[in-house]
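Asker: Grabbed the feature section from TrEMBL, which reads as follows:
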type	residues	note
DOMAIN	131-239	domain 'UBP-type'
BINDING	Cys155, Cys158, Cys175, His188	Zn(2+) binding site
DOMAIN	280-799	domain 'USP'
ACT_SITE	Cys289	active site, nucleophile
DOMAIN	587-628	domain 'UBA'
DOMAIN	662-702	domain 'UBA'
ACT_SITE	His761	active site, proton acceptor
Amino acid sequence: DSEGGLYVCMNTFLGFGREHIERHYRKTGQCVYLHLKRHVREKVPGASGGALPKRRNAKLFLDLEISSDLNSDDFEYEDEAKLVIFPDHYEISLPNIEELPALVTIACDALLSAKSPYRKQEPDSWEEELQASKHAKTLVQLDNGVRIPPSGWKCSQCDLRENLWLNLTDGSVLCGKWFFDGSGGNGHAMEHYKETGYPLAVKLGTITPDGADVYSFDEEEPVLDPHIAKHLAHFGIDMLQMQVTENGLRDNDIKPRVSEWEVIQEAGVKLKPMYGPGYTGMKNLGNSCYLNAVMQAIFSIPEFQRAYVGNLPRIFDYSPLDPTQDFNTQMAKLGHGLLSGQYSKPPMKSELIEQVMKEEHKPQHNGISPRMFKAFISKGHPEFSSNRQQDAQEFFLHLINLVERNPVGSENPSDVFRFLVEERTQCCQSRKVRYTDRVDYIMQLPVAMEAATNKDELIAYELKRREAEAARRPLPELVRAKIPFSACLQAFSEPSNVEDFWSSALQAKSAGVKTSRFASFPEYLVVQIKKFTFGLDWIPKKLDVSIDMPDFLDITHLRARGLQPGEEELPDIAPPIVIPDDPKALDIDESSVMQLAEMGFPLEACRKAVYYTGNLGAEVAFNWIIAHMEEPDFAEPLVMPAFGEVASSGAAALGAVGLDNQPPEEMVAIIISMGFQRNLAIQALKATNNNLERALEWIFSHPDPEEESDPALDTMDMENNANANILAETGSEGPRIKDGPGRYELFGFISHMGTSTMSGHYVCHLRKEGRWVIYNDLRVCASERPPKDLGYIYFYHRIPS
């Protein structure tokens, strides 16, 4: 509440605004609340003696926190706490040990002194001040003539060009340690310290006129170097001419990458701030820009606006006692913050005049902080619950999975993204074919590098770049590969080889090819450009390309046609399941693993998905990932079962029949994650002896399955829907799709800056009211030069016929 403060129930310790506290009392009967209110006193310049500062009430934002710096020196605070007894609203000021029982006093003191749950999410290291190194003042620097160029760095012991550190004693440029997420280096900087004892090093790519990141090997922690300018000048580095790369993130994106940051963020162009409903920014909570970009795009879609913001009163009325653990409540709350306009108001004219007269600029009270939303949606997820950068595409699928599992009405808003893909697999020897359908939410387009239209420029640039690196000179201006969108679309439609294909016609392994077509066209088409790949050293890399994405897209020619005259189907025979005596002898299809890893999933999770789905292909393994990505050990290394566990684990993983023919729960979850109802998934698995691939074929070949009533299943369904406050009214006729014409218009795109999904920054551009708008965390402005050719994820909406 903007003026009423915060009421905390002394029984559940949940906080409520003034407008909700009466409803909570009537609903629960809890009558004792702690009323907290903060008053902000704005300091008056020059005030002294008995002069009173200006006083005003501060807004208490439980989740939608304003973006202004409330810890600045311009304000003073006075906190007020009272105990309120309902229904008479009897108030007792605190502290008051005379009137209150000891137990109540202890509870109030504990609550008032408790650490904010939002602060608990932040690493303690962020709150610690760096100390000056004991070596800074007496550091000895060798006069060896070493001069460091402003860019083009490389480890002197290996070929790595990321995570590089400059030793401040002898000028050696060496790589840092290897990180668990696959980034980092080979630890040559640490080895150099152990050999020489030279204690201080500065991270290249973090040097700015304001300072740099310095690490002390001897003190084993980041430190301050008060003499950093002098120490850098010894090696020819002028701090005033240096700029930070990639906001100080964990890779030194040198000069060529700076242009990517400038182009995507439209740096150097005066952008007009936008205010009002739908133009609200979101605070970056520490590498949470991927979440901000995706949620801005999601809540620009009318179906999501109606489902959550339009149903906000109903969702709040049906919310559980603990709304912090309810998905629909958190979605409605976030959507309201973004679309209401309450947190996106232009500054008053008087405030602007005052700032101009005083020649100062104070941050406006705009934007929301999605701390509670992030805490809930990432709970239990090993990646999203961290403060590391994540893949926006992976988060999008994670969000859709949660939307599917928490229906908000008779019409699920995620239906607008769902479509069916028809896969045609052909045995090259027998020429027989098999048609299967699968559910998908994203069209993944490969980058057709071989179709670049500026190959001569690319070759010349590569030669100049290598010469500059060899001579330790600044790199030439970056030349990006220009790829026609039509070439990427053509690469998507071309046949691909099926690794380890088993032909049911030959009853043996054979060569096979697969083509994909749209069995239905979604209402909103999400297109991902597969820019991220793996190098020969298995280190994730990004293809820095420019693709001429069209404003209007027609993919009607990609409509599936089904079995054609003259085509003969492959027999419906499942491949034999062979469980080796030694489980370690089961090979893992590395091509499927790499396909999944290129989508942004952790490598170990991809290996487990392929292993536990019996090498049935990347599609089946992908569904396993979607069903298991919230498990705590999702990204943990694969542990092969012991000899005695082979039978049970193999049955669960490969679909062997159990003693009671009850389908394995994880296989049921895989089918549910594809949009089918639970009873249909169980019926299909039972009908096919728990063979996952055949079960999917069974579902599509039985549009009207017999209804089956099982009290045990009904009980399980009630448990699974316990967190869903408003149950969806859906049938069991298969996945819900909204088919229509295949003509689309672009309305938004998400861009990524950086060398991998594990670092960098995300920005969202959306077309609203006939103009493009850039959403860069808290900053929301009218876009002047939307970089549509550098996007990562594109959003299209169907053009009505």
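Numbers run from 1 along the shown chain.
Placed from the backbone N, Cα and C atoms, the Cβ positions cover glycine too.
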Asker: Just counting, how many other CB atoms are there within 10 A of the CB of Cys175 (Zn(2+) binding site)?
Answerer: 26
Asker: If you count the other Cβ atoms within 10 Å of each Cβ, which of the recorded positions Cys155, Cys158, Cys289 comes out on top?
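Answerer: Checking each of Cys155, Cys158, Cys289, the winner is Cys289.
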Asker: Please name which of the recorded positions listed here, Cys155, Cys158, Cys175, His188, Cys289, is nearest in space to the residue listed as 'active site, proton acceptor', Cα against Cα.
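Answerer: Checked the recorded positions Cys155, Cys158, Cys175, His188, Cys289; minimum Cα distance to the residue listed as 'active site, proton acceptor' goes to Cys289.
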Asker: Summarise the model confidence on the domain 'UBA' (662-702) as a single mean pLDDT, whole number.
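Answerer: It averages 74.
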Asker: For the C-alpha pair, I'd like the distance in angstrom between Cys158 (Zn(2+) binding site) and the residue listed as 'active site, nucleophile', rounded off.
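Answerer: Each residue's Cα considered, Cys158 (Zn(2+) binding site) and the residue listed as 'active site, nucleophile' end up 33 Å apart.
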Asker: In angstrom units, rounded to an integer, how far apart are the Cα atoms of Cys155 (Zn(2+) binding site) and Cys289 (active site, nucleophile)?
Answerer: 30
Asker: To the nearest Å, how far is the Cα of His188 (Zn(2+) binding site) from the Cα of Cys289 (active site, nucleophile)?
Answerer: 32
Asker: Neighbour count, 10 Å Cβ-Cβ cut-off, for His188 (Zn(2+) binding site): what number do you get?
Answerer: 21
Asker: Hey, for the Zn(2+) site built from Cys155, Cys158, Cys175, His188, who else sits with CB inside 8 A of the CB center?
Answerer: Ser156, Gln157, Asp159, Leu160, Leu164, Leu174, Gly185, Asn186, Gly187, Ala189
Asker: Would you kindly give the Cα-Cα distance separating Cys289 (active site, nucleophile) and Cys175 (Zn(2+) binding site), rounded to the nearest Å?
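Answerer: Cα of Cys175 (Zn(2+) binding site) to Cα of Cys289 (active site, nucleophile) measures 27 Å after rounding.
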Asker: Enter the number of other CB atoms within 10 angstroms of the CB of His761 (active site, proton acceptor).
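Answerer: Result for His761 (active site, proton acceptor): 22 other Cβ atoms within 10 Å.
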